[in-house]
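**Student:** Before anything else, here's the structure in question.
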Amino acid sequence: MDIKTALSRIVGHLDLSTEEMRSVMREIMTGQCTDAQIGAFMMAMRMKSESIDEIVGAVSAMRELADRVELKTLDGVVDVVGTGGDGANIFNVSTASSFVVAAAGCTVAKHGNRAVSGKSGSADLLEAAGIYLNLTPVQVARCIDNVGIGFMFAQSHHGAMKYAAGPRRDLGLRTLFNMLGPLTNPAGVKHQVVGVFTQALCRPLAEVLQRLGSKHVLVVHSQDGLDEFSLAAPTYVAELKNDQITEYWVQPEDLGMKSQSLFGLVVESPAASLELIRDALGRRKTEHGQKAAEMIVLNAGAALYAADHASSLKEGVALAHDALHTGLAREKLEELGAFTAVFKQENEG
């Protein structure tokens, strides 16, 4: 199906099949559509509302065209990722959590990009930390094998997305493409914590990942609007495990933590986010650093559970707490920087 036919269908509020959507996305991502067609398609899809079949088709096309990272095994390899767009501007919780997960002995294949709407995306933060981002897929795999964590910069692995970049920027609205990043990890991980910008997406994205073969995934949105677990409010979870989806609310107290406000966790830049994270992963000299550490532990615990490294969310949080207090997470951050510096020299001379 071509994009013109698809548009006439969508404008009539008719859904596309998975295969039809895959075909249209291939057209878009191989440069066969005009900016006007892509913009109209994104807007029409948003107004109609995307079906599960359509999201599965879009994700399938994007995965096919990605520069994949081949790992020795995907057993227990996890990604902690969010759609962004929650407007909260708090520090990079999922990225910081990833280093605690690695410190706990669990392998992390982190996928991320620059900020969507916030002040600091995962790529912005890691760049500020001196981590080289423009790695080849083989180099990312070597990071994961040697350090226990590697970062896949979305722009490097999803080059075909460049064709939609202009229309996305010009529209300035959330579209289907905002959902695709967390669902298109180039290593093909089967274990994830996926934060989303609205609770309404939790169940649908869990169903999409179920259709695409994921093993254990938590799709989450907190009552106070975050695309991650919150210390300040209950968090809604759609959990895919054993090919079944269950939905529930989680309070910090359920996991052995204390509810508290997010005051002091908002950042204005990647450098400010990095400073807070280094304090949280280090000696926690400030009150805000201590609070950030607890937010990190909460989300790292969820990732350890999703990776089947822990048998429950509560056990995952306890393991994450222990891992953070060893100081090893801070060491992992520095180690990844040193490891990627070698690749920078190889790639840039």
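Each residue's number is its place along the chain shown, starting with 1.
The backbone N, Cα and C atoms fix where each Cβ goes, and this holds for glycine too.
Just so it is clear, the model here is predicted, and its values are computed rather than measured.
What Swiss-Prot records for this protein is below:
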BINDING   G82, 85-86, 92-95, 110-118, S122  5-phospho-alpha-D-ribose 1-diphosphate binding site
BINDING   G82, N113  anthranilate 1 binding site
BINDING   S94, E228  Mg(2+) 1 binding site
BINDING   R168  anthranilate 2 binding site
BINDING   D227, E228  Mg(2+) 2 binding site
**Student:** What's the number of neighbouring CB atoms sitting within 10 A of the CB on N92 (5-phospho-alpha-D-ribose 1-diphosphate binding site)?
**Tutor:** 28
**Student:** Going along the chain, which residues six or more apart from A115 (5-phospho-alpha-D-ribose 1-diphosphate binding site) have their CB under 8 A from its CB?
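**Tutor:** Listed in sequence order: G84, G121, D124.
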**Student:** Give the distance between the Cα atoms of E228 (Mg(2+) 1 binding site) and N92 (5-phospho-alpha-D-ribose 1-diphosphate binding site), rounded to the nearest whole Å.
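**Tutor:** Distance (Cα to Cα, whole Å): 10 Å.
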**Student:** Cα-Cα, whole number of Å: N113 (anthranilate 1 binding site) versus D227 (Mg(2+) 2 binding site)?
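**Tutor:** D227 (Mg(2+) 2 binding site) has its Cα 15 Å from the Cα of N113 (anthranilate 1 binding site).
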**Student:** To the nearest Å, how far is the Cα of D227 (Mg(2+) 2 binding site) from the Cα of G112 (5-phospho-alpha-D-ribose 1-diphosphate binding site)?
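**Tutor:** Approximately 14 Å lies between the Cα of D227 (Mg(2+) 2 binding site) and that of G112 (5-phospho-alpha-D-ribose 1-diphosphate binding site).
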**Student:** Can you give me the same-chain residues 6 or more apart in sequence from S94 (Mg(2+) 1 binding site) with a CB-CB distance under 8 Å?
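**Tutor:** In sequence order, the residues whose Cβ lies under 8 Å from that of S94 (Mg(2+) 1 binding site) (at least 6 apart) are V80, V81, G82, G112, S122, V193, G195, E228, N299.
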**Student:** What kind of secondary structure is G82 (5-phospho-alpha-D-ribose 1-diphosphate binding site) part of, going by DSSP in three states?
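**Tutor:** Reduced to three states, the DSSP call for G82 (5-phospho-alpha-D-ribose 1-diphosphate binding site) is strand.
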